[in-house]
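> According to Swiss-Prot, the region 'MPT Mo-transferase' annotation covers 19-439. If you look up Swiss-Prot, you'll see 466-620 marked as region 'MPT adenylyltransferase'. Under the heading AMP binding site, Swiss-Prot lists 485, 486, 541, 600. If you look up Swiss-Prot, you'll see 542, 543, 573, 600, 607 marked as substrate binding site. Residues or ranges marked as region 'Disordered' in Swiss-Prot: 624-643.
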């Protein structure tokens, strides 16, 4: 029997399959649950199963942007009588503002008929006693038609799609549903998960004194909590003894009760009383029972077909026989069960979030099995390379029965099976399994202590790069570990070697994601909005194959397109190969971040960067707000004297000959 907290059994002829293959099998079997209708507040955290359209425009009436006075714009400045007040609801209903009259309006209030502009209160002056019934106001400025009025439907047009199938519902989505008047929502339900532990040695956590050979059941409590964190309904099946008939009865009852997933803990190794796998083979189909991973090798995945009843058609129940060792159990839950829950719940991208980080200390890898090493990761101003980034600290001794190694762990480091020591500062991939600690609190002091002497310059005192660059490799092959990333390192090399030409640019983040729109979109948004990168280069996924979706993901993120950059890259690439015309790259700006899709070919990356270099530095400056023109014959703005003939005169002046040139003014804003 493989008990909790005990070393599991080994042996057997079943071959271990790689983690990636095991996940592929699980995803192939796991099918999205049929949608259900729930109330508005029950929809929180679930995935939308229908498009939501706005039944009404928003705003449904012309509304004031500010507190002020609704006027006829052509009236201009002057004194006017205030004929009504429009605050909310039916205020001002039936009253028409005619030339020579005004109406008081509050922010969000409806604009009375006849008015075509609003003058804010700051640009008006009340005449006489404001308490009198006949009020007059002086309009101090000339306004234009439409000023400070939100037209009908300016936020949301009638029948516009406000939410689409596949979106996960958060607080803002609840607000949009309420805006659209939706009180019942079609969503994909969270799966119902049944949990049981097996083993004669197990007792409830409430047991006061342990008998000889007994241990408290930690796995079941841990799994119940983990499943509840995923917002699933839990069915607690308790502890089942090492008795085949008792275990079979509990499994049959669970399957017939309508659960979607069964999690067992223990009983999946090679002991003579490990009955979980034989029963799963008897009642369904076992897809695998050993995975090439550490910890978690004795993991069983099966599919059970429930018998149809009068109240329920036969359904498929997924079963995971998790290892009995606590750490192995929780690691397998995070690697396999969490993505399965998300898949059943309708997530478009159920895969766990991965990040690149640097090791804070040396770690020896296993020579045979890829390891999911428990670690605590945090963001630091200096990750050891002189730039900000995530760093990882091991939780200590990684024995699979030692639950303390999971304490405070928020990530699983993905260590390759080389048997080598990964030195401190090595870059590795990590799977996020819980909240990441915020930015480090140990900030650099801005002032030195009196009398202190700076003897040497340390890494964390080096000023940051002028422009932060992130490189995203988009590839199913590289993401799955089935091939090396050749484009990413080449792009890093090209950027770093061109740092001076780019105004001090430096690559501070890299990542690899599969060809999936949501995964690409999520990291582009994070790098733009959270990490505030100046330049993001994506590599690959720009061709014609069905999995080439990088442009689609990028277009969902960018706010302003930059077609000129794509034109230049296309021209350069066509000099090399006619197949360059098959590129569907996108480029654009999000906030203060420039995002450019590049080909996945390493040589093409270098060619495209070379083509963009003459203008890229200036582009990055402009995005940051620098409006100075860089035409080689253009007189600098600081030297311009005349305020007119902005470009033409300035340009001609630059070409004039003779001892004295006519000074040309410039007011360029491009």
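Here the Cβ of each residue, glycine as well, is placed from N, Cα and C on the backbone.
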> Cα of residue 600 (AMP binding site) to Cα of residue 542 (substrate binding site): how many Å, rounded?
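Cα to Cα, residue 600 (AMP binding site) and residue 542 (substrate binding site) are separated by 8 Å.
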> May I ask for the distance between residue 542 (substrate binding site) and residue 485 (AMP binding site), taken between their Cα atoms and rounded to an integer number of Å?
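Each residue's Cα considered, residue 542 (substrate binding site) and residue 485 (AMP binding site) end up 16 Å apart.
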> What does DSSP assign residue 542 (substrate binding site), in three states?
coil
> For residue 485 (AMP binding site) and residue 573 (substrate binding site), what Cα-Cα distance in Å is obtained after rounding to a whole number?
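It is 21 Å, counting Cα to Cα.
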> Roughly how many Å separate the Cα of residue 607 (substrate binding site) from that of residue 486 (AMP binding site), to the nearest whole number?
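Residue 607 (substrate binding site) and residue 486 (AMP binding site) have their Cα atoms 15 Å apart.
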> Return one of helix, strand or coil for residue 600 (AMP binding site), based on DSSP.
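It is coil.
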> In the same chain, which residues outside the set 485, 486, 541, 600 have their CB within 8 A of the centroid of the CB atoms that define the AMP site?
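So the extra residues in range turn out to be 473, 474, 475, 478, 487, 488, 539, 540, 601, 602.
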> Provide, as an integer number of angstrom, the distance between the C-alpha atoms of residue 573 (substrate binding site) and residue 486 (AMP binding site).
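Computed Cα spacing between residue 573 (substrate binding site) and residue 486 (AMP binding site) is 19 Å.
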> List nothing but the largest Cα to Cα distance in Å, as a whole number, among the residues 485, 486, 541, 600 that the record says bind AMP.
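In whole numbers, the farthest two Cα atoms are 14 Å apart.
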> Whole-number Å distance between the CA of residue 543 (substrate binding site) and the CA of residue 486 (AMP binding site)?
18
